C-alpha cells in the first residue's frame, strides 16, 4: 500500500485524454477498416457493437474500478488475491515485449515524414537505385495490385521493403542494423522519455496536443477523401452490408477480438491510468465514453481510408478489393500509393504520417507508464528515484527494441505482434474477474464501489463479470491460440504466461500449513488491499464495519429498481 504519496491527475480531462490516447492507436487506422470490409461491411457492426457493450465496456469499468480503488498498478491490484500476483508480472513482461516492436513501428512514420519533403515523392516512380526490374508503376491502365509482392511489385512496395527496411528474405537472416531506422527509433525514445519523465503531471499536459491533434488531421483527411473522385465507390465497399456473414462464427470472433485488443484491458494501461484518479471520482461515465469514442474513431477512420482507396482504385482501373489490405501494408504501402495520385501529394503524405506518429506515441506513453507504475507501486522505496527508474526503463527498452531495427526487423515485428498477447491478455482478464467477483466476493466489491463513488453497483455488471465475460474471454483465447504457428510463435505466446504459475507456486511454497489451506489463505485479499490514502482507508474500514449491513440493503433496493 502506498502512503498517500501516489500521484494524481491535474484534472479528470487529462485522465480521459490519456485513456483515449491509449485506446485509439494505429490499429484503428490499419486494422479495423479492413476487418469491417472483410467481415460483411455494415453487417459487421452488429457483432462489433454487441461485443462492445457485453465485453468491452464492462472490462474497462472493472479495470478502472480496481485501479482507482487501490491507487495501484498492474501488479499491486492483485493484492486482492495474492495467489494471482504473477498475472501482474505477466502484464509487465507482455508490455516489455510489445514495446520492443511497437517502438520500431513508430520509426516508420518518422522516416516517411523525412522523405515526404522530397519532390517528387521517392516512392512515386520506378527507376530509382533501389528498384528492381519487377517494379511496375501504377497508372490508369495498370492491372497490378497496390502492394503486390508477387511477380510484379509497385514502387511503393519496393520503397518500403527495400529502400527503408532493407528487408532480409526471412527471420533467420537477421542482417545488420538499418541505421536510419535506428536513429528514428532513438528519436522516438528520447521524445517518449521527455514526455513521461515527470510522471502523470507531464503526460497529462502533453496529451492535450498528442491526442487531439490526430483528430484534427483525421478530419482534414476525411474532408479531402470524400471529395475525391471514386470515394463513394470505396465507402460503399466499406459499409455495404453482407448479412450472410453473420452466420459465420469467425465474424463474431473477429469482432470480439478487435474490441478486446483495441481497448486494451489486460495490458495494465487502464489500471495504471485509473490509479491516478482522485479516490471518489465516479469512473462509470468515463468507462463508457472511452470505448464508444474508440469505436467511433475506428468507423470514422474506415471512411477516411476507404474513400482514398476508392479514389486509388478508380485511377488504377482495378476493383477496390484489390487495393484493400490490412496491417503495415495499408499504412506504409497502399495509402502512400494513393497519396501520390492526389493533388499536393507531399502535404497529404506529411499530414498522414504525422497523424500516425502521434496516434502511436500516445499508446507508448501509457504502455511504458504501466510498466513503471506497476513496479513503483509494488516497490514503494523506488518512488524517490522515479526519474532515474524512468530513464533506465527507457534505455533498457530502447536497447531491446534495436533488434527490430535490423534487416529482419519486419519479420520479428510480425512474429511478436501476432503472438505476444494471444494467451496472456485474456488469461489476465479472467484472473481479474475471478479475483474481484469470486474470491474477493461480489458483496465486498459492491460495498467498495458504493463507498468509492457513492453509486450502487448494478447487478447488470455483476452478471456480466461473473457469468458472461469469463466464457467470452475463454473463447477469445482459444480462437487466438489457433493462430499460433511454430515453436517461435508458441514461445512468444507463452513467455509471459509462465509468470502466473511460477509466482503462484512460489506464494504457496512460502506459506505455512496444509496445501489446501495455503491456497485458500492466499486467495484472500491481504492487508495491503484497499485505499492508499491513510485517511480514506480509515473511513473505508469504518464504513465496512459499522455500515456494511445497511449498505447492502441499499444496494439490493437500488439494484432491483
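From the backbone N, Cα and C atoms, a Cβ is placed for every residue, glycine too.
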Where TrEMBL places transmembrane segment among the ranges 147-167, 420-440: 420-440
Segment assigned the feature transmembrane segment in TrEMBL (from 177-200, 513-536): 177-200
Cβ packing number for residue 262 (Na(+) binding site), 10 Å threshold: 22
Between residue 24 (Na(+) binding site) and residue 135 (disulfide bond), the C-alpha gap once rounded to whole angstrom: 35
Cβ-based contact of the transmembrane segment (288-313) with the transmembrane segment (12-30), 3 or more pairs under 8 Å: yes
Protein Cβ atoms within 10 Å of residue 24 (Na(+) binding site), excluding its own: 27
All-chain count of other Cβ atoms within 10 Å of residue 23 (Na(+) binding site): 27
Cβ contacts the transmembrane segment (388-408)/the transmembrane segment (420-440), at least three under 8 Å, sequence gap 6 or more: no
